[in-house]
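Peer 1: My questions will all concern the structure given below.
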Ligand SMILES: O=C(CO)COP(=O)(O)O
């Protein structure tokens, strides 16, 4: 069984990160089974070479925490959203403080499903990113263009503008604690994975934009993930891009065997 190990430094210090966004799937009982199967499918070396994170629904976080802490499992976990507010009369919301109390390491911010289904604009995304950082959580800030923007050739401008707005108000030091995810909306849940060149083009442009805004040293340490129909078979190609530091995986993260293969591929195995 794989237990906690210190992280190795790769790619200018950027350790590959594979995060499984379970979306609205898995009860807390199912979550325990999935995490156990996942961790037991991976070796200590693999979990050392790539950082593996699961992002269950809120209702499963406590169970995942208990399992990960109790068995000292070498994976991280976090939430799929948080409130921009720290406490108060916000029925149905969950604060960064509550997630920090469950020892979450990560939280997704600005997922396209939150942007489109819940009307979250860049200002909300920026406020949530700041809330995550206030509570010591690593925000996984998502950007990505829809099909029409891509077909019109506006994807780089769209994503860099989303980056600018989503990181508004942050210092360079804050930005070193952020993970970015490029998730083209047309590739999410569609089976239509971006080509490695598509992923690298936008991830590279995001890093260049980070360098312009926050300096090259900051840009060099920020991990940038690709997300959208990632499967084990496509992982190595996608991660070959020099600016692609990992993957944010939806559907394939619900299958322990497939997700373990993705993690293994990111760890440099076959
Ligand atoms: O939205 C995603 C991850 O956040 C991607 O989902 P799929 O991998 O199911 O396309």
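Each Cβ is built from the backbone N, Cα and C atoms, and glycine gets one as well.
Pasting the relevant annotations from TrEMBL:
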ACT_SITE  111  active site, electrophile
ACT_SITE  183  active site, proton acceptor
BINDING   21, 22, 23, 189, 229, 250, 251  substrate binding site
Peer 1: Checking your reading of the structure: which of the binding-site residues 229, 250, 251 lie inside a 10 Å Cα sphere centred on the residue listed as 'active site, electrophile'?
Peer 2: none
Peer 1: Residue 21 (substrate binding site) to residue 183 (active site, proton acceptor): how many Å between their Cα atoms?
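Peer 2: So the Cα of residue 183 (active site, proton acceptor) lies 12 Å away from that of residue 21 (substrate binding site).
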Peer 1: Ligand 1 is in the model; which of the binding-site residues 22, 23, 189 have a C-beta less than 6 angstroms from one of its atoms?
Peer 2: 189
Peer 1: For the recorded substrate site, enumerate neighbouring residues of the same chain (Cβ within 8 Å of the Cβ centroid of 21, 22, 23, 189, 229, 250, 251, site residues themselves excluded), in sequence order.
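Peer 2: Residues close to the substrate site, other than 21, 22, 23, 189, 229, 250, 251: 188, 249, 252, 253, 254.
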Peer 1: Within 10 Å of the Cβ of residue 21 (substrate binding site), how many other Cβ atoms can you find? Include all protein chains, please.
Peer 2: 26
Peer 1: Within the chain of residue 229 (substrate binding site), which residues six or more apart in sequence place their C-beta under 8 angstroms from its C-beta?
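Peer 2: Set apart from residue 229 (substrate binding site) by at least 6 residues yet with Cβ under 8 Å, we have 187, 188, 189, 190, 191, 192, 193, 250, 251.
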Peer 1: Would you count the other CB atoms within 10 A of the CB of residue 189 (substrate binding site), including those on all shown protein chains?
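Peer 2: Result for residue 189 (substrate binding site): 12 other Cβ atoms within 10 Å.
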Peer 1: According to DSSP, which of helix, strand or coil covers residue 251 (substrate binding site)?
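Peer 2: Assignment for residue 251 (substrate binding site) reads helix.
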